[in-house]
Amino acid sequence: MKTKTDFLKMKQEGEPIVMLTAYDYPAAKLAEQAGVDMILVGDSLGMVVLGLDSTVSVTVADMIHHTKAVKRGAKDTFVVTDMPFMSYHCSLESALKNAAAIVQESGADALKLEGGDGVFETITALTRGGIPVVSHLGLTPQSVGVLGGYKVQGKDEESAGKLIEDSRRCEEAGAMALVLECVPAALAERISKELTIPVIGIGAGAGTDGQVLVYHDVVGHGVSRTPKFVKQYAQIDQPLEQALRGYVEDVRSRVFPEDAHSFRIDQQVLEGLYGGK
């Protein structure tokens, strides 16, 4: 399994880091088989697999549950888990308690924290406590209400300057890596070159040290529409639906199950049970 040191070396040698967001055992297993370097168990699971309207309702228990499944499917891949909404904002003490619970119960290799202001102290405390932290700046879904929706961040001088400063402070606080989401490509590239830690982009252009996308977006599963920054490599929903329709039709027409799918019992045993009736 790659470690923090390996990811730093990959950045230094210009080798792109491949990260994928996955939420369960089958997806994690496929991700590892495909050669993904790092798996993110994102709180986006609330919308993608739980059918919620946002990430706000996702709990620490949800993150532990899904991370356990991912770790079982990808035993040799570095797994990062999101700390969900308000699990690290109320106090430093509660943040440390929640972080410890996630790591101890799920086996996560690192935790991801969104935002800059108000989070730097927590990054430092977790790092000192032995928990690696991945920071997340730009479009931060947990704060989408404050940001005014799902919009590109850092397009003007003031917000771009703030992103640069927050990126520096995340590194100084001890973050092992930084995720930049929905940030202009040129800005993300400049930040990537300035920082010594790996910068992983999602909707942040090709100049970052790595890329992350959501499994369901990549394979075309259960998504009605995809963001501009997504490249879809398959459309698996259609063959899945066709398979299910075939099953429904076969059951209703009594084509399934056939003899090949059934188990046999000696006729004498059956007659003994029912008296030859």
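Keep in mind that glycine also has a Cβ here, set from the backbone N, Cα and C atoms.
Matching Asp6, Asp76, Asp82, Asp156 to the 3-methyl-2-oxobutanoate binding residues that Swiss-Prot gives (Asp43, Ser44, Lys112) identifies Asp82. Counting only residues at least six positions away in the same chain, the Cβ atoms of Thr55, Val58, Asp62, Met63, Asp82, Pro84, Phe85, Pro141, Gln142 sit under 8 Å from the Cβ of Asp43 (Mg(2+) binding site). Its Cβ placed at the centre, Glu114 (Mg(2+) binding site) has 24 other Cβ atoms within 10 Å. Taking the mean position of the Cβ atoms of Asp43, Ser44, Asp82, Lys112 as the 3-methyl-2-oxobutanoate site, the remaining residues of that chain whose Cβ falls within 8 Å of it are Thr21, Leu40, Val41, Gly42, Leu45, Thr55, Val58, Met63, Thr81, Met83, Pro84, Glu114, Pro141. Neighbour density around each Cβ, counted as other Cβ atoms within 10 Å, peaks among the recorded positions Asp82, Glu181 at Asp82.
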